[in-house]
């Protein structure tokens, strides 16, 4: 009798866990569409307050998810645990984009995989009206595959701020006479894909598929952002949620600009404003401004 009761309780537990996982997945699919092979995206119940999503990359497909809503300005945050070991050739991303057209806007955080023992490279970039090539790249000061770390994009009418574990590492300012992403609503994207042709040592090191499947985990996603599902764009404060005042006018103060300088001095591996080979006719105009 005890054995039967034990089995019955086990069956109930398994059923409850299945229902909980199903409910978590249902909440995820209300907010996001899947990119790539659907069986490469796995929704995991976290602590009942947030969700954890695992993306997989193998020879057959990469994977990702995209927000159903589009946004015009916001504070976007997620915790990520990257591919461990030999992740060369893989690219993990958390970014905003208005689409694929020639005049698209985009704000990127990308992690370019490494050979075992080498540091990960975090690439940040901004596209405005199809004009990109504004990369700042950093070696992280921790192992991003050992545990979860928080990555944040703050996008408002004054500037774009990139943060790692609440440490500002870059700010991209708006200038009235230069292109800036301010009129095209953007979707949030998270992806894991094969970037062998460029990601590691400029494409010299390809993916070692013997290590597949490669898995990256996302959790604690948050978007305190102004929802704008009008393709024509435009902005109104009425589209923004409570708490908008915490980021809509945010700019870095002196101490925070000091942390940006610290990150540039100690961990920056590439700055487009110092790449004379790439810009033989002169650097982009924002490179000459403070």
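In case you wondered, yes, glycine gets a Cβ from its N, Cα and C as well.
What TrEMBL says about this one:
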- 1-25: signal peptide (SIGNAL)
- 14-218: domain 'GH16' (DOMAIN)
- 106: active site, nucleophile (ACT_SITE)
- 110: active site, proton donor (ACT_SITE)
- 114: N-linked glycosylation site (CARBOHYD)
For the domain 'GH16' (14-218), the averaged pLDDT of the predicted model is 88
Around the Cβ of the residue listed as 'active site, nucleophile', other Cβ atoms within 10 Å, all chains included, total 20
CA pair the residue listed as 'N-linked glycosylation site' / residue 106 (active site, nucleophile), Å rounded to integer, equals 24
Note: among recorded positions 110, 114, least Cβ-dense neighbourhood at 10 Å is 110
